[in-house]
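Chemist: Pasting the feature list from TrEMBL:
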- A:39-63: transmembrane segment (TRANSMEM)
- A:97-118: transmembrane segment (TRANSMEM)
- A:139-166: transmembrane segment (TRANSMEM)
- A:178-199: transmembrane segment (TRANSMEM)
- A:211-231: transmembrane segment (TRANSMEM)
- A:258-279: transmembrane segment (TRANSMEM)
- A:315-336: transmembrane segment (TRANSMEM)
- A:368-388: transmembrane segment (TRANSMEM)
- A:409-437: transmembrane segment (TRANSMEM)
- A:449-473: transmembrane segment (TRANSMEM)
- A:480-503: transmembrane segment (TRANSMEM)
- A:523-544: transmembrane segment (TRANSMEM)
Amino acid sequence: MTTVAPAPSPTARPAPRAAGAGLTGTLSLLRLAARRDRVLVPVSAFGLAAFAALSAQATFALFPDLRSAQESMAPTLANPALVAMYGPISSLGIDSIATFKSVLLGGVFLALLAYVVVRRHTRTEEEAGRLELLGAGVVGRRATLAAAVLLGTAAVLLTVVLTVGWSIGVGLDPAGSVALGVCWLVIGLSWVGVTAVAAQLTSSTRGTAGWSLGALAVAFLVRAVGDTAAADSPARFLSWLSPLGWGVKVSAFGENRYWVAALGIALYAVLVAVAFSLLERRDLGAGVLPSRAGHDRSRIGTAGALTRRLARGTFVGWLVAYVVLGVVLGSIAGSVETFIDSPEVADMLRALGGEAGSVTDLYFSTELHFAAIGASALSIALVTRMYTEETTTRAEAVLATPVRRVAWALGHVAVAVVASALVLLVSATVAGLVHGADAGDVGGTVTRLAGAALSTLPAVWVALAVALLLYGALPRFTGLAWAALIVFLLLGEFGDLLDLPGWLVDLSPFTHLPALPGGTLTWMPLVALTAFAVAVGAAGLAALRRRDFG
Amino acid sequence: MTSAIQVQGLHKSFGRTVALDGLDLEVTTGEIHGFLGPNGAGKSTTLRILLGLLRSDGGDATLLGGDPWREVEALHRRLAYVPGDVALWPNLTGGEAIDVLARLRGGVDEKRRASMIERFDLDPTKKGRSYSKGNRQKVALVAALSSDVELLLLDEPTSGLDPLMEAVFREVVHEFREAGGTVLLSSHILSEVEQVCDRVSIIREGRNVESGTLTQLRRLSRTTVRATLAHPVGAAQVESLPGVADVTVSGDHVACTVGSDYLGRLLELLGAHGITALTSAPPTLEELFMEQYRRASAVAP
């Protein structure tokens, strides 16, 4: 920047700060941050816009007329599991059908982008000590946070503008396209604010992730309960308590409520203001919540025990989230039957769900497959910690002791396998308890749901094994494990909609899972998935054993 | 005498970058061996090969009589390693990290642990993320010294320590050697190496430039001599002596450098002119080091 204030003479007293002070250098930092994110932000924005526009275009191509689209979508619209995932459909028009799956899901992805950008340039920088390097230069106290918030906001705006333009381009209703933009704007801006606050609260990147992503999960669940509640239930109001619910309430291609933007912008303004006032109250490197002193002794005596100890926080967080998920799934299940008002739809659902499938079974099976994708994310997060441990050189300290590399890696795999199985099992059990109490058969429901949850594990293991192979063979591309999981998710969710060839859809391990509860349990795919996971995982370990470490 | 570490013709490349280009290194059991070289000379790469973290592309490395790549388990029971930039687990305390690392190595020597924590003045109840660089370094040092090992591999272990703690470090390393231990101390802090090490190896661009005791290395180098004389001497006369260079004469002052083997001849000449004051400074390690580097770069293309 060229407009730097003249340096004060050594004897000059510090001038009283104006309210906007402390922002010197914001523009330089913003440029630096934008440069570092010059791939991440445009590619994500472009990808999200393409996601909305192209899936809509594919739907148009797939259905020659509105009636065939409505017929094909009817079971989806009536399945509360999908309403819980995607929000209620805004209307029965073709535009609503074409964007049903992308509106909320895209909003969540945009929230993740906002979170990544803001966290990267605040807490991550501070933890790495780079902020200190910058803070020593001519940079105001508030400049880094300001730059991160501005870049996050710019990323959201860029995505929204691209999406609106592209949507109109593929023939979606212009007014509705703008409403879609409003929906994403509300969600994206909210998470710029949420992450800005979260970065001030804790003193670690992981803590920031916990608060910001935890808030996203809570917001999602709150609106899921609200959106699936019976029409006359007071629980419907819950959707208005969640920024993700606001996004749904915009009702793009339906009622197009532009004014909801005001809610999102207000929340954004409040959260950013809170973040700046928290920033004033803390020191560089610290959080508002204090870092407590701990024990001076430890009983950990094996590498496996160390891995378990390090994974504890993440596991407990996921466990709590999955207990809540179980409660939510179990309580929604009670209203599944009443949710479907037309008997024709109920018949169609039964036909879809297989010979013995009831509507409730179909609902649970759909939700458990989503939960399994979530559990895969947990297992990937836990197993790719090896990469973090390696790049931070913490693993080096462990491997300089008599611990063997493969044993160390197997410890991580074991933690990931057990943790992902436990969260799924606990969630299914809780859902079974809640729904079983409603339905009057606690034991039976719990057994059926727990069994169904276990049947999803082989697919989780495949995702885990892919991550292990990447880490072992191509450590620098460990992050691609996440891309693989997202591809699995999209293949499963959009395979039919985009009319993708069967072999492509079959690439996702989740495609091969039996539809339990209710469907038939076929062992063959489960055995094949497990064998595949073991082979891929073993290849990963063999590569790890041979390569240079660190 | 046996060798704790024996490295011959070690090669290691990362892609196109050659990190080690035929390195030789020998560390005798029971000595403190200084491993000197500027940043990027290949010190850390050598240590990481010795730890079995990296696999060498060629050459031999023997550590405590074993193969560092194959016999990880057996060898690591007998050594401890301190890196130059210690990373700790953010949510474990320093005390917990010390226990974990020492236990993984085979057990905590309680008395040593307590005394090291006290001597290094370390607060073991703080979380890893709240330690300063120097304190993280102390945690790794205490962890290494709290278990019963025969070899210490130290990679610039004092970076970030204050002078007081550097002194404690030197004491502790000496005691470790007195008790029969062997130390390989990689460093670029020459004064530290000078005060602590028995023998030194200097490396440059992945190759060994010079090895020996400090006395041996000094013999290879030049001593600076300054004298005040009763009867002035001609500059040309001093320069004509073998092994003498950098001569300056002003009035009754003369200064020059001389190779260790020619010191006697120089003093004879100066003595004949009546020495009234004389200082003779053996080369510091720094001068040695710089000279090795000058020489090596003159040879290198």
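Numbers run from 1 along the shown chain.
Quick reminder: no glycine exception, Cβ is built from N, Cα and C everywhere.
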Chemist: Please identify the stretch among A:39-63, A:139-166, A:368-388, A:523-544 with the greatest number of Cβ pairs below 8 Å relative to the transmembrane segment (A:449-473).
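Modeler: Result: A:523-544.
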Chemist: So which of A:178-199, A:211-231, A:368-388, A:480-503 has the most C-beta pairs under 8 Å when paired with the transmembrane segment (A:315-336)?
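Modeler: When the Cβ pairs under 8 Å are tallied, A:211-231 comes out ahead.
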Chemist: Look at every Cβ pair spanning the transmembrane segment (A:211-231) and the transmembrane segment (A:409-437), keep those 6 or more apart in sequence, and say whether at least 3 of them are under 8 Å.
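Modeler: The answer is no, given that the two segments have fewer than 3 Cβ pairs within the 8 Å cut-off.
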Chemist: Answer with yes or no whether the transmembrane segment (A:409-437) touches the transmembrane segment (A:139-166) by the criterion of at least three Cβ pairs under 8 A, sequence separation 6 or more.
Modeler: no
Chemist: Near the transmembrane segment (A:258-279), which residues from the same chain, at least 6 beyond its ends, have a CB less than 8 A from one of its CBs?
Modeler: 141-142, 145, 149, 178-179, 182-183, 185-187, 189-190, 192-194, 196-197, 199-201, 243, 246-247, 249-250, 288
Chemist: Using Cβ atoms and a strict cutoff of less than 8 Å, what residues sit near the transmembrane segment (A:178-199) while being 6 or more residues removed from its termini?
Modeler: 48, 52, 99, 103, 106-108, 110-115, 117-119, 122-123, 145, 148-149, 152-153, 155-157, 159-161, 163-164, 167, 172, 207-208, 210-212, 215-216, 243-244, 246-248, 250-253, 256-258, 260-261, 263-265, 267-272, 274-275, 278
Chemist: With pairs 6 or more apart in sequence, are the transmembrane segment (A:480-503) and the transmembrane segment (A:523-544) linked by at least 3 Cβ pairs under 8 Å?
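Modeler: No, these stretches are not in contact.
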